[in-house]
Amino acid sequence: MARWLPRSTDLTRFCQKLNRVKTLEDDMMETSFNRCLTTIDLTLLGIGGMVGSGLYVLTGTVAKEIAGPAVIVSFIIAGFASLLAALCYAEFGARVPKTGSAYMFTYVSVGEIWAFLIGWNVLLEYMIGGAAVARAWSGYLDSIFNHKIKNFTETHVGAWQVPFLARYPDFLAAAILLVATAFISFGAKVSSWLNHVFSAISMGVILFILIMGFVLAQPKNWSAQEGGFAPYGLSGIMAGTATCFYAFVGFDVIAASSEEARNPQRAVPRAIACSLGLATGAYILVSVVLTLMVPWHTLDPDSALADAFYRRGYAWAGFLVAAGSICAMNTVLLSNLFSLPRIVYAMAEDGLFFQVFSQVHPRTQVPVVGIVVFGLLMALLALVFDLEALVQFLSIGTLLAYTFVAASIIVLRFQQQKVETPAPAAGGRPSPEPREGPSAGELKEYESFSDKLQLVDREKSKEHREPGQLKAAFEPYLEFLSDFYPGEVVTVAVVTLMVSAVCLCSILVFGNTHLHLPTWSYSLLLVLFSLGFLLSLLLIWAHEQQRNTQTFQVHL
């Protein structure tokens, strides 16, 4: 019996394999993809992923039910929070210009098991999110034709009353996904061109909404007679921020496309910053004109913009809004179908998925197998499944991916940079000195000179230290941490920071309500987790980090 039990060495080796990190090749610009995307292409991809149906639906929903006209403040705070996450993606995308997005970033810094979990998390997020957008696209188009498509399907095909299945098969949603899959498989340039067309139409409609909206604006709609600017107070603003945050989740398509960018070190950070800035500006300005056109408490949550123009006597503008909404949803579908196969490709390249998905078509230079297979799976999801319950879990997956990318940035910053060493001799060890010739005397003379300057070198090392080592100012107080491997203390501190932050937020939100904690335990837990959070920050700050000026780095 004991013979079949794993030995401790086997368990240690297994754990080491789970936590091994990916080693990148020297030339990271070498790829089997076609590096054809410019900064403008990446920017429009990011805008297409962020400015979707949320602009036409989410603004009205949050304004009426959660925050009132203060939805503007909610979008400002959500945009700033998204900017912090986007900057982490920008640094990784410039530093590691490989496809895979959050999966690849986690693999090169944290470890294989975590990258595997994040990879599948992102895959499910894209699949469910893309199918949900396709169903929303179908429902929006159907509503323009007074639900004739839905009535026809239920009459001639039938309706279902099965849990987790849709009420009727949505052939229109499946069809649009199949058409989008066909276009994506033609290559990155075709996908980018199609995204340009839809993005241009969508931005033209947004410009029309802003101009007409400011012309029809009535400042009295923010007055105290209509409930004021922030009728739900600070709690409503923050609740609105939590909802608005997920309007900005599309910027990671830029990081996933970094292997197809011509100059990713410059294009990826610029594209992420520009697309996020434009998307945030669009959300804020549309929220302003929407709440100024009509009183916020009279908005229709399902079609707020179209209904606002209709009530102001411009019914024809509703058709333009509908066209813009459909084009915006098309760009979101394209960004989902563009990113998903590339993440699958990255996982297959690393042996964490079926190898067939790592094949790149020699002509189009895209992973056609992944595009077709996952396009069909996404179409099947949209055809028969009720996705409303699953969409609620997407927020958890998004937060998990953002958290791991931000943590990976910190861990990678405090790891020692790899320095090229001369090749070892045949015996496996580099020879300490030449065997013959005049150079031998020179080497001995140099070594003796180095020995004399050993004390000086030690003093200099205190001023200039390797990444992951304690700063000289903190060494007298934290000398016991010097025995750890460089970067090891920072990794533990990052994990402690994440756990403390989650626990602290949970206590603040649920401590007095759901958990019913007594006052003394509530205060004690707040103090403990706050100390853990601050101590982790101090430990991270006390170590040296890399000073890489070749690529973009997040400040502070």
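One is the number of the first residue shown, and numbering goes on along the chain from there.
For all residues, glycine too, the Cβ spot is worked out from N, Cα and C.
These come from TrEMBL:
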- 36-58: transmembrane segment (TRANSMEM)
- 70-90: transmembrane segment (TRANSMEM)
- 102-123: transmembrane segment (TRANSMEM)
- 171-190: transmembrane segment (TRANSMEM)
- 197-217: transmembrane segment (TRANSMEM)
- 229-251: transmembrane segment (TRANSMEM)
- 272-294: transmembrane segment (TRANSMEM)
- 314-338: transmembrane segment (TRANSMEM)
- 366-385: transmembrane segment (TRANSMEM)
- 391-412: transmembrane segment (TRANSMEM)
- 422-442: region 'Disordered' (REGION)
- 432-442: compositional bias 'Basic and acidic residues' (COMPBIAS)
- 489-510: transmembrane segment (TRANSMEM)
- 522-542: transmembrane segment (TRANSMEM)
Cβ contacts the transmembrane segment (171-190)/the transmembrane segment (366-385), at least three under 8 Å, sequence gap 6 or more: yes
Contact set, same chain, for the transmembrane segment (102-123): CB under 8 Å, 6 or more residues outside the stretch: 17-22, 24, 89, 92, 96, 252, 255, 340, 343-344, 346-347, 350, 352, 397, 400-402, 404-405, 407-409, 411-412, 415
Seg_contact(the transmembrane segment (272-294), the transmembrane segment (391-412)) with at least 3 CB pairs under 8 angstroms, min sep 6: no
Chain residues outside the transmembrane segment (391-412) and at least six past its termini with a C-beta under 8 angstroms from it: 84-85, 88-89, 91-92, 95, 102, 105-106, 108-110, 114, 118, 121-122, 124-125, 128-129, 132, 246, 249, 252, 487, 490-491, 494-495, 498, 540, 546, 554
Of 36-58, 197-217, 229-251, 522-542, whichever stretch has the most CB pairs under 8 A to the transmembrane segment (70-90): 229-251
Residues of the parent chain within Cβ reach of the transmembrane segment (522-542), under 8 Å, 6 or more residues beyond its termini: 410, 414, 470-471, 474, 478, 481, 489-490, 493-494, 496-497, 499-501, 503-504, 507-508, 511-512
Tertiary contacts of the transmembrane segment (366-385), as residues 6+ beyond its ends and Cβ separation under 8 Å: 33-34, 127-128, 130-132, 134-135, 138, 164-166, 169-171, 173-175, 177-178, 180-181, 184-185, 187-188, 336-337, 340-342, 344-345, 348, 356-360
